[in-house]
Structure formats: C-alpha cells, structure tokens
Amino acid sequence: MLRVSPRTRKIVAAVTAAAVLALAGLTGLAAMMPARAASSDLPFTVTNSSGRPEDTFLYVMARSQTTGEQGYVDGSGDWHAFDLPASVANGTGNPTAPDVSISGPADGSSVKLSLPANLTGGRIYVAFGEHLTFQLSPGGLVEPAAWNSDDPNHDVLFDWAEFARNGTAININTTMVDMFSVPIAITVKALAPPPPPAPVDNSVPVDPSATPPDTTPFPVTRTEGTLAKDGRRKVFDAVTALGGDWAALVDVRESDGLPLRVLAPIHGIDSAAPVFDAAFFDSYVEGVYDYYASHALTVDTALGVFTGKVANGAFTFRGEGGRTIGTIGRPTTPEIFGCHGALQPTGQPDQDAILAVGARICAGFHRGTLSTPDRAGSDRQATFDATAFYRHESSDLYSKVMHDHSTNGRAYGFAFDDVAEFNPSIDEPTPTSVTMTLQPFGSSVATGPVAGAEPAPPSAPSPGGEAPVGAIQAEARTAQRGTTLSPTSDSGGGKHVGHVGDGDWLRFEDVNFGRNGLSTLRARVASGAATSVSGVVEVRLDSRTSTPIGSFAVGRTGGWQSWRTVPAAIATTTGTHDVYLTFATGSGREFVDVNWFTFA
C-alpha cells in the first residue's frame, strides 16, 4: 500500500499538518504552469558517484508557494500542477499518477536541472533501475511508502532529499527520518553579502585617504550529508551489529541480496508486519515522568524559557510570571519515534510555545538525555553536548548510527533532530547553485564536494565536546599577528586564541595531510561580538598571502565562551604544509576566538 506521506522536516513547517497529509489537490496532469522569471531559477545538478550500473530516474515533487497547488518540476525546470480526482469509486483504488520522471545521470556523470522559485514541501527522489509509482487521491499525492511490503516501490532502490524555495532562497536537507537507503550529499554555493560596516563615529574626523569598506559579495559553499569512507556499508553493518529488533530494520532485496534500506524504528512498528518493539520507550517514559514529579525541567526555546513539573501524569509548563503555556501527557513509544501525539498537543493556551517544548522533550527521549530516578541526565533541555547523547539504554540507536557515520556529525535521524542544530539542513538566502551527489555504495571514499573525508572525530557540531584526537590546538601556533592567549572554559581546558580581528593571522608548521588527501576542516570557535559584527576565517598553505583552500564565516555565537564547532569544505590537500589561518572582517572589530581545529 502507498500512503499520503507527511513531510517531516522544518522546511515545510509553514504548511499545516492536514495540508501536508493532503499535499493539496493532485490528480491527473494539468498543463498549468505559474509564470516565473528565468533569473529566479536555481541551477541544480545531480551527480552520480554511486558505482551502481543501473539507469537512474529523478522526480521533483513540490507545492506552489503562490497557489498552494501540488505539482512537479520537469526536466526543463518548469513547474506543473496536478489535478486531483474529485472522487474514487469504492473498490477501484487510487489511480496511478502519470510518469513525471526525469532521466537521471549514469554512474560517473551528471545531469543539470533547475528549481523554480516559490516552491514548498518539495522532495527530490532518485530511483535506480526502475521507475517509482505515485498515486493520485482526492486527498493528495500518494507517495512511496517502501516500509510496507505491498507497496509497489518496496523492491525499488530509491531515496530522496527535501527542499523548499521561499522566494528565491533555498532550504534543503538530506533525511533519514523515514529510512536510509541511498547516500546523498547536498552542496549549496552562494554569494554572501559582506559584513555590515562598523557604526560611524561622527565625533571622529573622516580620513579622506582611508580605504572604503569592501562591499563585494564573497562566495561561500556548504555541504551536508557526506558519509565517512565506505559509509553506506558501514551504516548497514552497524545497524545489523546492534542485533535484536534493530537488525530487523534492515530490508534486503530477495532477488539479488542487495541491502535496500534501513527503516526508521517508527516504520518497524507501524508497518503491516511489525518488526520493532512498540513498547521500547515505555520504561524510560515512566522513569522520566516519575523523576519530574519532584524535579523541575527547564526548556529553552526561541519563544522563551519554560519550566515544567509532572502532576497527575502530565507535564504542565509555565513561562514568565507563572503563565501556563500547556501540558504534555505521557507519550507512547510510537509517538516518540514519530514525533507526534502527546509531544505535539493541540488546543493549548500557547500553542507555538508548547509545540517547541514538546519538540525538545522528544529530542531528549531519542538522545537519552532526560533524567530518571536511577540515572542523572540533563534537567535543562535542549542538550548541546553530543558526547552525552545515546548513552541511556532506551536511546534511539538508529539515529545514533546515522550521526556516527556522517563526516560532520549531523543527520536527520528523527523529525526533531534539528533541536540544537544537529540536522543536515542548508538554509541559504542567496544561492547560486545546488549539487546533489549520489555517493559510492562500495568500499570507496565518498565523493562529491567534500571528497575523501574520513570519519569525523567524536565532537559535537554545536556546544560541548573536547577537542578530538588529532586536533591542532590554536595555542600551538608558531607565529601570529594581533592575537592573545586566554584560559578557555571549553571542554578540555587549556587556552584559546582571542582578540582576533581583521588582518590577524596564525601559523602552524608542518601539518601532515597524508597521501590520500584531506578535504574537510572543523574549527572550534566562539564570538561575543555584536550581532552586526561578523567575519571570515580563511585557510591558506605555506604563505599567509596564498590562495585560500577553504573558508567559513563566523558571527555571534552567544558569547566569547559560547563555543561552536563549525565545518567547512577545503580543497583536497596532500603532503606536509605550513597552515595559515587568516582573519578578515569589514567591521573593524574583534570577531572570533579559536580553541582548536582539525582536518579530515
């Protein structure tokens, strides 16, 4: 059976749950196409580095942000609306949607498409060897649900990425919320605006010889979804090695023995033939609700800080002045894995606030960071220290495997994995191009814009975590300009390099990149600068004036001791070099502290 599949990501958060399920009116194919300007189209390249011999087929499904209609994008970059059937006769089943596939790239080649502006709720599907089957119902587009054995797509090798184009911007991510099958990496290139100029001090005379600030946009590149070397095989091996119900989540195609996909636990529960324990979280839920009957749970959100305690079997959360925002009852295991139900209650005094709180509690269950009477967790959510995740016996180990095999530690292992920004999303207001890379299936390094990356060291992509093995401490610089050393409060202690501003630099001698090459940088940085202050850190080899091999932008992180791990792609580099970090900002102010960095 196919099902009308809900969008699980934040990129469609503006669409109501009912509308998401309905996927707004599709049936038959209409020739309708909203007017669009060619300049708003975004170049989109699909590169096949999978090593698979089959033909590939692409499908770009999305809703018009303008009209709300559901439709598809063709190979010319034109969006067309579907027309839903008004009704379907009993016993006849939903009609099959017309084939709207685009011929995809063969192994070792690429196909260039374009994405129109003003699309939401989008998915870009890729299928190997066979076409996908979609259906049209009065309620919406019925999308593949491969976790059901009677779904016509059950034996097809396929996967998807999710996207939205709010105007001409792009928000795009890889996802394992439903399953993992095809290793997909996404790269977005953009022209970012320069940092805003420093405020003018009218009490100081203007120097007519001063160089005006550079207002030229600078290129930036972000990549998400890159797996470690031989990542696909290692993901399947890791889930299989967990044994029990976890191993039962692996689907193997009977015809050729190919490991097709790893199902998310929710689909091991809700499929026609369940293979996963529907009570998996129950004892953990009981312990959490017992503990917080006598302890307070504080939840930080963008809407405020809220505190809750359990009474009569439910959390009641209050905000400033004791104002009640809502209640969260005891969730079931399917509700936790599916991120819905009790964790996303309706009809609450402050609906937006309680939904944000519920998302963070859901993440706490998946990551095993909530306290119980027998085990101390964190009584303040969300939790940012990735080293504390997945240690409880009832943690979501499916999600853990997905994060473990991502080169930057980010993955969408469950729908609220964006809590504390552990999700692989790219939100870019000024994109110039997008590339979707189908990474290798075999025992070869994952290719694409972050080629040759080895497994990421075990540190968090946001606050928390000591410097990984092999990290280069910033205090070990052998030469510098304009910086100082100060004690750090970051995990691991020691000193960090601070007071870094425009034109400053650090040199590190004899950094060995090896024979196979490294192409990823991760840097531990903090900034307490004003929100209007930002800058760029550039990586150069052997000379502080050489062409940068990579760069990343830094803005305020929340404070000079609010540390974040920032990933960046660099040109693949081999051999031994002196490494220079150079710093640039148009603000005229200090903008970043650096604790350590590492290459992979």
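For all residues, glycine too, the Cβ spot is worked out from N, Cα and C.
The active site, proton donor annotation in TrEMBL covers GLU162. As annotated by TrEMBL, active site, proton acceptor applies to ASP178. Residues or ranges marked as compositional bias 'Low complexity' by TrEMBL: 200-209. Summarising the annotation, TrEMBL assigns domain 'GH64' to 39-440. Per TrEMBL, the feature domain 'CBM6' maps to 470-600. Annotation source TrEMBL lists region 'Disordered' at 198-223, 445-468.
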Quiz item: Measuring Cα to Cα, how many angstrom lie between ASP178 (active site, proton acceptor) and GLU162 (active site, proton donor)?
Solution: 12
Quiz item: Should ASP178 (active site, proton acceptor) be counted as helix, strand, or coil on the basis of DSSP?
Solution: coil
Quiz item: Hey, what's the Cβ neighbour count for GLU162 (active site, proton donor) at 10 Å?
Solution: 24
Quiz item: If you run the three-state DSSP split on the residue listed as 'active site, proton donor', which class comes out?
Solution: strand
Quiz item: DSSP helix, strand and coil counts for the compositional bias 'Low complexity' (200-209)?
Solution: 0 helix, 0 strand, 10 coil
Quiz item: Around the residue listed as 'active site, proton acceptor', how many other C-beta atoms are within 10 angstroms of its C-beta?
Solution: 22
